[in-house]
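Chemist: Got a structure here, written out as structure tokens. Questions coming.
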């Protein structure tokens, strides 16, 4: 489970790895699983950054003598003599820092990755910005990651590249180290063909991904879009037929190479969350949360990173209108919205936060009482223990993104409900909706539909609630994050031909 507090476990066990060490399994991601913390006295500490990806890949890294390549999270001057790129040993893993300057962060990360690719890949909810200077820095930083992977990987090693910030790395790494087996997984949605074609550097992105032996997406639709683009932009020969989930892979014949394309829905460490939710301390904290809220009859909950894709404004409008129409009683129902700060220097995010906080004030001004707000809003990191307790305390979980690659919060809520209580209202435009069919599915672009789904979830019978939650838990507990990682790596290791006609 992602720790929304950012309060990782401090570790003093980091030490430089032997310079000759080579890894048989390498993960390449924008961030390391630990963050560098520069202390006032000039010394450095490392803070662990828990998350779903770390949970999935740490055991694999240890078993396979693996290395993780990524940015430590602190911008540094490239000429800084203290900005070492030497590998670090941390809890049995080799971590290889890639240093980024403040200009790199501004242009490669905040610019091209998050103001160009992020909105484009999320259905252009906010208009993407195209700057050649950002693109050039994206190319440069991707090359830096590829070179680090080439130096780190042993002969014939497996390299797994992660996410939209590093889409050029597979091709660059292939050119540097043709002996490697390379996989790539995209953790956000892959856009429809017509939207992707807006990208000025569309061909370079597709070519970059085709440097991999296996390109993975959350959903078959993303894989199908990629196959169409490879055919249209590069004239590649691609397989016919539909891509399945963890099966029926697509194939691209590109030059002298064949590239597999597949769908692998990511998940969570559901068994660990289930166990955590059962503890006496968690159950007690959940009771305390409800008491702090005034012991309402019903508690609605939203947990999101503060992002325009998450549909926070949609659920606030729906909640407000349900109150106005008398379909929810403000005396016995509260909504808690936990919003983790995100990209606070980006103007569109600043404006979005201001708009959401205006909505919160309006709802409480209209329907709250002194000492009894009907909408509780927290804009700060939330400790992991409190998050689990909030999941246990909530009667209805609201997950209403306009577009989301998967949305692990929905799965986290389900994993915490061993009591078979609660209800999940889930946007149809999340990857999770394809798996969590017993949720109250809704179209976040249709406000009346969102309101109806919330009302139905609030008023479900205990029998209906248990039936739905039992089915949801069966899915989430069976398909955990370890199974996701193993299914991808098994497909990457397999060299079996794909028996489908091509065109």
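We number each residue from 1, going along the chain as drawn.
Positions of Cβ are set from backbone N, Cα and C atoms, glycine also.
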Chemist: Suppose a student reads Swiss-Prot and sees 31, 109, 163 listed for D-glucose 6-phosphate. Which of 317, 327, 343 should they find annotated at that same site?
Modeler: 343
Chemist: Here the binding-site residues are 31, 305, 343; which one has the lowest number of other Cβ atoms no more than 10 Å from its Cβ?
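Modeler: Per-residue Cβ counts within 10 Å for the binding-site residues 31, 305, 343 bottom out at 305.
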Chemist: Measure between the Cα atoms of every pair in 31, 109, 163, 343, the residues the record assigns to D-glucose 6-phosphate, and report the largest value in Å, rounded to a whole number.
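Modeler: Maximum Cα-Cα distance: 17 Å.
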Chemist: Taking 8 Å from the centroid of the Cβ atoms of 31, 109, 163, 343 as the cut-off, which other residues in that chain fall inside it around the D-glucose 6-phosphate site?
Modeler: 30, 113, 114, 165
Chemist: By the DSSP assignment reduced to helix, strand and coil, which category contains residue 408 (UDP-alpha-D-glucose binding site)?
Modeler: helix
Chemist: Once the chains shown are all counted, how many other Cβ atoms turn up within 10 Å of the Cβ of residue 118 (site 'Involved in alpha anomer selectivity')?
Modeler: 21
Chemist: Express the distance between the Cα positions of residue 410 (UDP-alpha-D-glucose binding site) and residue 109 (D-glucose 6-phosphate binding site) as a whole number of Å.
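Modeler: Rounded to a whole number, the Cα-Cα distance is 27 Å.
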Chemist: I need the nearest neighbour of residue 118 (site 'Involved in alpha anomer selectivity') among the binding-site residues 305, 343, 408, 412, using C-alpha distances.
Modeler: 343
